Every structure is written in structure tokens, then in C-alpha cells.
Amino acid sequence: MSSSENTLLDGKSENTIRFLTFNVNGIRTFFHYQPFSQMNQSLRSVFDFFRADIITFQELKTEKLSISKWGRVDGFYSFISIPQTRKGYSGVGCWIRIPEKNHPLYHALQVVKAEEGITGYLTIKNGKHSAISYRNDVNQGIGGYDSLDPDLDEKSALELDSEGRCVMVELACGIVIISVYCPANSNSSEEGEMFRLRFLKVLLRRVRNLDKIGKKIVLMGDVNVCRDLIDSADTLEQFSIPITDPMGGTKLEAQYRDKAIQFIINPDTPHRRIFNQILADSLLPDASKRGILIDTTRLIQTRNRLKMYTVWNMLKNLRPSNYGSRIDFILVSLKLERCIKAADILPDILGSDHCPVYSDLDILDDRIEPGTTQVPIPKFEARYKYNLRNHNVLEMFAKKDTNKESNKQKYCVSKVMNTKKNSNIKNKSLDSFFQKVNGEKDDRIKESSEIPQQAKKRISTPKLNFKDVFGKPPLCRHGEESMLKTSKTSANPGRKFWICKRSRGDSNNTESSCGFFQWV
């Protein structure tokens with residue numbers, strides 16, 4: 001992390017609420033990267049590092065047996081939604097800091113209500129053997145369920161909410177946080193596109209409904225929509241629009257106004273127009289008049305800032321050249337525009353193909369006074385939703401299953417070896433057993449008559465030199481050795497070729513790939 005980003009994160013006062021969104025692409029895997037690798041898989045350490053008060057992670061890719069680790073974070077309320085059937089997929093978490101009682105934000109950050117999904121049709125426990133939908137329980141549901149979609153029946157609504165894509169939390173200060181991971185239709189199927197558009201429409205209809213009943217909205221997460229032309233490196237290149245240092249986004253959009261508008265209203269990408277219709281700062285005049293949300297990052301950084309990307313294609317190694325798009329947002333109601341004090345992306349934070357985005361809001365006069373009555377913790381809080389209060393029962397069962405499998409493996413290995421010293425290794429771990437066989441050449445192997453003598457000899461395999469097989473790598477236009485790749489196309493499957501080893505970037509960027517290509 002750069003020193004400039006450290007300064008940004010440190011510049012937060014006690015009176016501001018820091019919102020942070022991060023598509024972690026697997027909550028376990030991002031702990032493999034600095035600085036998180038030194039945090040012992042502690043979410044509390046991660047949240048303190050960011051100095052964040054309200055955090056949402058997308059693509060948790062976790063399951064019920066692992067939620068005990070992420071659903072009980074000291075000093076935070078935890079709200080987690082995971083897919084109902086598909087394991088290791090999607091998943092959204094929202095964590096709310098619990099300040100000390102003498103902290104200025106203590107009353108403002110009190111959680112009033114919380115719910116899972118966007119339609120209100122999902123249910124929450126209502127006693128030992130019963131459950132009730134959020135929309136039918138005024139004590140749990142946040143509201144705004146009317147006219148979400150005229151064709152949306154209960155079955156369709158439950159399908160929309162079955163993939164663990166949204167968590168909503170209402171605070172005592174009147175803010176409703178909507179943590180979301182919108183579908184992307186990565187397979188480009190007709191069914192996937194219909195699901196994507198319906199989810200987006202229902203979500204934004206719910207936002208409007210909540211706004212009408214007086215709620216202040218913070219919509220944060222991976223929306224999977226690139227809102228403007230200046231937010232898409234790929235489209236800028238397709239339109240042959242050069243990005244030079246003196247040219248800012250404002251000048252670019254003025255010079256290529258038609259292309260900037262076409263990018264939004266393109267009939268092949270209806271999700272962009274749908275998304276822009278909720279934005280008060282949209283380039284579309286009609287949309288901006290009806291828009292009710294402000295893009296905090298764009299407001300603070302202005303439209304003049306280019307290359308403000310939040311996601312990159314990692315398979316093509318496009319992050320080093322900053323060739324990506326912006327699909328992660330923190331959007332707030334117009335009512336909160338005056339509260340926005342800071343907002344930015346953190347592109348130097350690794351651990352995912354996305355980077356974190358944060359916004360600082362000072363709620364000023366909207367702050368709740370100390371006399372406010374504290375309400376019960378919502379039933380959707382992870383400790384209640386997933387039964388994490390009673391000695392971590394889920395984790396106990398997980399350990400039990402693991403031990404059974406381990407014992408089964410030990411039995412099978414011992415039976416196959418069938419040696420005279422089985423009794424001596426019965427209580428040893430599987431790892432130490434294999435280590436001894438491979439590293440110390442256990443005497444039991446010598447005693448076996450079934451192993452031929454020639455098997456004991458080391459077999460030396462001649463090592464082939466890379467250049468002996470493919471020849472010396474040709475030089476690219478940068479004068480550097482090129483990189484060997486394998487074709488995966490149907491026309492030339494498995495055929496080798498050389499390309500420039502630098503990552504793809506803007507066509508006028510001399511530091512990016514020169515476009516060199518040569519078949520082997």
C-alpha cells in the first residue's frame with residue numbers, strides 16, 4: 001500500500017462514518033496477500049486497518065460451516081447472506097462497528113432493522129418452529145415493498161433472493177445501507193441476462209420506494225455495471241479515443257459527446273441505461289432529473305479523473321497497466337450529498353481482481369441524540385441467523401466430520417502397507433507418516449519383499465532446456481524477449497506462439513504491450 005493511501009485512510013475524524021466496499025473474490029483467499037497475510041485471518045484486524053465503520057464484502061464464496069469465523073467479529077455486528085443451494089459462490093457480508101458508549105457515533109450506528117434480499121419475501125425465524133417474511137413483519141422488515149415488479153410473484157422473488165446477493169441494514173440515524181453484489185451474466189445467456197436485468201430493476205425500484213418513505217440510502221457494492229464511457233478502458237480503445245495526460249474526463253466527454261451518450265443508451269447493454277436512471281449525476285438529462293443517488297467517488301474525484309478503475313482482468317494481467325473498468329460504487333441519497341467529506345478507490349490494495357472503495361460521511365445534524373432508546377439486535381444478525389451463540393455448534397460438527405475422515409484415511413493407508421510395525425504408527429498423524437516414508441526411508445519398506453530392488457534406485461530424468469525445445473525467444477518491438485503462450489482457440493488449439501510479455505494497455509501507452517505476435 002502506498003504512503004498516499006495511508007494518508008487517505010488516516011485522515012478520518014471521529015465524527016465521520018467510513019463506508020468501505022470490497023469484492024474480495026473469496027474471503028479466505030484475500031488473506032494470502034499483504035497486508036492481510038499478517039492478520040491471522042482476523043476480520044477485526046482488516047476493519048481496523050481500513051479504519052472503517054461500515055464494511056461490505058462481496059463474493060464471500062463461503063458456506064454455513066465457515067460462517068462462525070466471519071459472523072462473530074469482536075466489536076462489530078455481522079449480517080451475512082449466502083446462496084441457498086450453490087456452495088462456494090457469491091455471498092455478501094455487511095459489518096457495522098459497535099462504538100464505545102462515549103463515542104460520538106455510538107447512537108448513530110445503532111442497528112434498528114436488518115433484512116436479507118431485495119424483495120422482502122425471504123423469511124426470518126419467528127419462534128422455535130415458525131418463520132415469517134420480512135415484508136409481513138413490521139418489527140423486522142425495513143419497508144418499501146410496494147410495486148417492485150408487476151410480474152413478480154413470490155416464487156420469482158425467492159429465486160431473485162436465492163443467490164446471497166443483498167443485505168440491508170437500517171441505522172438509528174435513518175440511513176438504510178444496501179450491500180449488494182449484482183449479477184453479471186458472465187455466461188452471456190439469455191436466461192442470465194433476464195435474471196440480471198430483473199434483479200437490477202427490482203433493486204432500484206426498492207431504492208426509490210425507500211426514498212419516498214423518507215429513508216436515506218447508501219447503496220454500496222459491486223453493481224457489475226460500468227456507468228460511463230470514461231470508466232471503461234476497453235470501450236475507449238474500441239472507439240479509438242486516445243487518453244493523454246493533459247486530457248481529463250470532462251474534456252473527453254465534451255469532445256466525444258455522442259459516443260459517451262451512445263455508451264449509456266446502447267440497446268445491447270440495457271443495464272447501463274437502467275443504472276443511469278437512478279443517478280442524479282448521469283450524463284443523460286432525463287435520467288439526472290429523476291435520479292436520487294449520487295456517486296460519491298465521482299463527486300469527490302470529479303469527472304476530470306480518468307483511469308479510476310476498480311476491477312481488472314487478472315488472466316490477461318491487465319492490472320499493472322491499469323487497463324480496467326469501474327463497477328464498484330458507494331452511492332448515497334441526494335439528502336446526504338452535503339455529508340460527503342472524502343471518497344476514493346484504493347488500487348494498491350491487492351488480494352482480489354477488484355480494489356476497495358471508500359467514502360467518509362459526516363452525518364452532522366442527522367446524528368441521533370444520546371437519549372435514544374436502544375432497540376433489540378435484529379434476528380438477521382449472524383449470531384442469531386446461523387445459531388452462533390451456543391458454543392459454536394456448527395464448528396463442533398465440522399471438527400467431528402474432519403476427524404472421521406482423517407481416521408478413515410489413516411486406516412486405509414495402514415491396511416495397504418500391511419507391515420509388522422502397524423501398532424507403532426497407529427497414533428501418528430498422516431502428515432508425519434508420509435514424511436517418514438519419503439524422507440527417512442522407513443525400515444518397513446526394506447522388510448517388504450514385494451518391492452523390487454530396481455525400484456529403490458533413483459531414476460534420473462534428463463532435463464530439457466527451454467531454448468532447446470522452442471528456440472531463443474524472439475525480441476518484441478520493445479527490444480525485450482517475448483513470452484511463450486499456448487493457443488486455446490478452436491482454430492489453433494494447443495499451438496504455441498510468442499507475444500510481448502508486457503500487459504495490455506492503452507494503444508498510446510508505450511509502457512504497455514507493443515502488440516508483438518509470432519507463431520512458434
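Note: Cβ is positioned from N, Cα and C throughout, glycine not excepted.
Values in this document were obtained by computation on a predicted structure and should not be read as measured data.
Listed in sequence order, the residues of the same chain lying 6 or more apart from ASP353 (Mg(2+) 1 binding site) and placing their CB within less than 8 Å of its CB are ASN23, ASN25, VAL311, TRP312, ASN313, MET314, ARG319. Swiss-Prot lists GLU59, ASP353 with the feature Mg(2+) 1 binding site, giving similarity to another entry as the kind of evidence.
Feature annotation from Swiss-Prot assigns active site to TYR181. Spatially close to TYR181 (active site) yet at least six residues away along the chain are ASN23, GLN58, GLU59, SER90, GLY91, VAL92, GLY164, ARG165, CYS166, GLY221, ASP222, ASN224, judged by Cβ distances under 8 angstroms. In the three-state DSSP classification, TYR181 (active site) falls within a strand.
Taken from Swiss-Prot, the feature active site, proton donor/acceptor covers ASP222. Around ASP222 (active site, proton donor/acceptor), a 10 Å sphere centred on its CB holds 27 further CB atoms from the protein chains shown.
For ASN224, the entry in Swiss-Prot reads site 'Transition state stabilizer', with the evidence type similarity to another entry. For ASN224 (site 'Transition state stabilizer'), the number of other Cβ atoms no farther than 10 Å from its own Cβ, over all displayed protein chains, is 22. Under the three-state DSSP scheme, ASN224 (site 'Transition state stabilizer') falls in the coil class.
The annotation site 'Important for catalytic activity' is assigned in Swiss-Prot to ASP328 on the grounds of similarity to another entry. DSSP assigns ASP328 (site 'Important for catalytic activity') to a strand segment in the three-state reduction. Cβ neighbour count for ASP328 (site 'Important for catalytic activity'): 23 (other Cβ atoms within 10 Å of its Cβ, all protein chains included).
Taken from Swiss-Prot, the feature site 'Interaction with DNA substrate' applies to HIS354. Taking a C-beta cut-off of under 8 angstroms and a sequence separation of 6 or more, HIS354 (site 'Interaction with DNA substrate') has the following same-chain neighbours: PHE22, ASN23, VAL24, ASN25, ASP222, THR310, VAL311, ASP328. When secondary structure is read from DSSP and collapsed to three states, HIS354 (site 'Interaction with DNA substrate') falls in the strand class.
Residues or ranges marked as zinc finger by Swiss-Prot on the basis of sequence analysis: 476-520.
Its own atom aside, the Cβ of HIS478 (Zn(2+) binding site) has 16 Cβ atoms within 10 angstroms in the protein chains shown. Taken from Swiss-Prot, the feature Zn(2+) binding site covers CYS476, HIS478, CYS500, CYS514, and the record attributes it to sequence analysis.
The average per-residue pLDDT of the prediction over the zinc finger (476-520) is 74, rounded to a whole number.
The Cβ neighbour count for CYS514 (Zn(2+) binding site), using a 10 Å radius and every protein chain shown, is 15.
Long-range Cβ neighbours of CYS476 (Zn(2+) binding site) (same chain, at least 6 residues apart, Cβ-Cβ under 8 Å): SER482, ILE499, CYS500, LYS501, ARG502, CYS514, PHE516.
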